[in-house]
């Protein structure tokens, strides 16, 4: 226990009072505990010696462990008020309900980082738990609009209740406030009316500043004058600072309401930032580099100092999380800044004679008056006003901004007036030069005639070039149309062969094979229909369709061959595309003419690789070879001629024309060590699309 606690009292062991009814009204016996208060006292601030407190270094200890130490609670006195922010304080008050109209009480315990409230009906029942605190997110507070109050239900049927409050200041480092007030619904509503009135002032202020901020940003975008940019940054800093300090119920304050610790640690850095912007605005607005070079240099030094303090503050808080020391240091810094800005004001009044400087001076005087008034009210007087001292600061800011805006407007008007004088002088000079120009025109006419013929020639060349370009574009579009037509020929060609296979299965009454074939065919048909509507499809999608086709051919030819498909993973990962079904005719040719006529098991290999500037595709079979396949075709004399390879060749030619590439195919006859045909390899080179 610290020195603020008095000697232990036996009254701390007693949590109940006895109620004796008289004539149907509540009558209460003399309280046997010094921390007992009556509901008839609600609406008043409790006397300091009425509140019992326990000090502990165990910030994690819960209520159950504290309730086992009733004798450790002691009265708080003005001479021994707690002042250690590193300790946790438990407040205890026994409340006696001696009224019949009360249903709810509101507890207010000052400005602390975190406060947990526990309300126990002494006659039994479940405890009520609520939370508040200036550094508790608004969504977790008992009352989102208030950081220091919490509600508890207290119906007339409950005679007595014990209130415990756990108070901690782990973030701000300020001494705890253990003052306690109990409010009825009527007094709480009166209190909230004041809160809403203060919020309305903040809402009006931030709305007006936001509109002016947007207006100044638009002006800056139009004319790129940095004075409007610095002025906008200054207003933005004001809004952020007041949002982190006041936290009115406004959408723009959401981040500081839900993350109040952010507002605590950014409070002073934000002020330094908007003071830097303020100094840049004053320097640029008054053009001090020309009008007062000495003051211009001092403002630069001041901004460098502010920047150094800003960096030191941020680094110190990141390392120590000590907001209290920064706050104490800021008090001294603020005093120095006030002296600096009083000197700045004196210098402006004495040395700067520009007519629009008076608007800046008026704004500075108004703001300084409002700031001093706010500081005095907050730190010394603490009056009970309809509006808060911070509202006075907001009004001062707003009036200062109005003065600065009028100064900017006046400067803009004066600048436009000077520009008008310059334009009039320029017009007079133009008239004087007109005679000279007329004379010069006579000399130029001859040169113009000489140039005219050259321009006509150039125009003809440009027109010829334009016609060539139009012809080239037309030929390109025509080539793309031909490509679509050729691709459309591929689909019926493939479907014709597929339907022949299905027909064969049905005629041979191979129902299971027909069913399997039809299932795979339906999947393939869906892919083919999707791909046929596109000029290009992904490599992954086309390989999926090709694999279904090969599986169909395996079923068709009784699995007389095996296959493998190897695709470079980069082609899939980087989503390269190729023309649909561009590889299928080569695969079909390898199966039908190479592998089908081979005795024994055949093998088909398909490989796609990503090269530097193209896609390399290899289709290789170990069939009978092209020469023997051609002899078999002559003997069999097929009823129709395959159009697949022919159409594919035409597609490749058009592809070269459209994309200005050199894509082609190469067919290699494979032989074994004895020179016997051992299959065919087709190499296809496609562009990177």
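Cβ coordinates are placed from backbone N, Cα and C, and glycine is handled just like the others.
Keep in mind that TrEMBL annotations are predicted by a computer and have not been checked by a curator.
In TrEMBL, the feature transmembrane segment is placed on 203-221, out of the ranges 165-183, 184-202, 203-221. Given the ranges 356-378, 425-447, 448-470, 471-493, the record in TrEMBL names 356-378 as transmembrane segment.
Here TrEMBL gives transmembrane segment for one range in the set 128-147, 228-247, 508-527: that range is 228-247.
Taking TrEMBL as the reference, the stretch among 75-95, 96-116, 390-410, 537-557 described by the feature transmembrane segment is residues 390-410.
Matching 19-38, 39-58, 259-278 against TrEMBL, the residues noted as transmembrane segment span 259-278. When the domain '7TM-DISM receptor extracellular' (87-171) is classified with DSSP, helix, strand and coil residues number 3 helix, 41 strand, 41 coil. The average pLDDT for the domain 'Signal transduction histidine kinase internal region' (481-561) in the predicted structure is 76.
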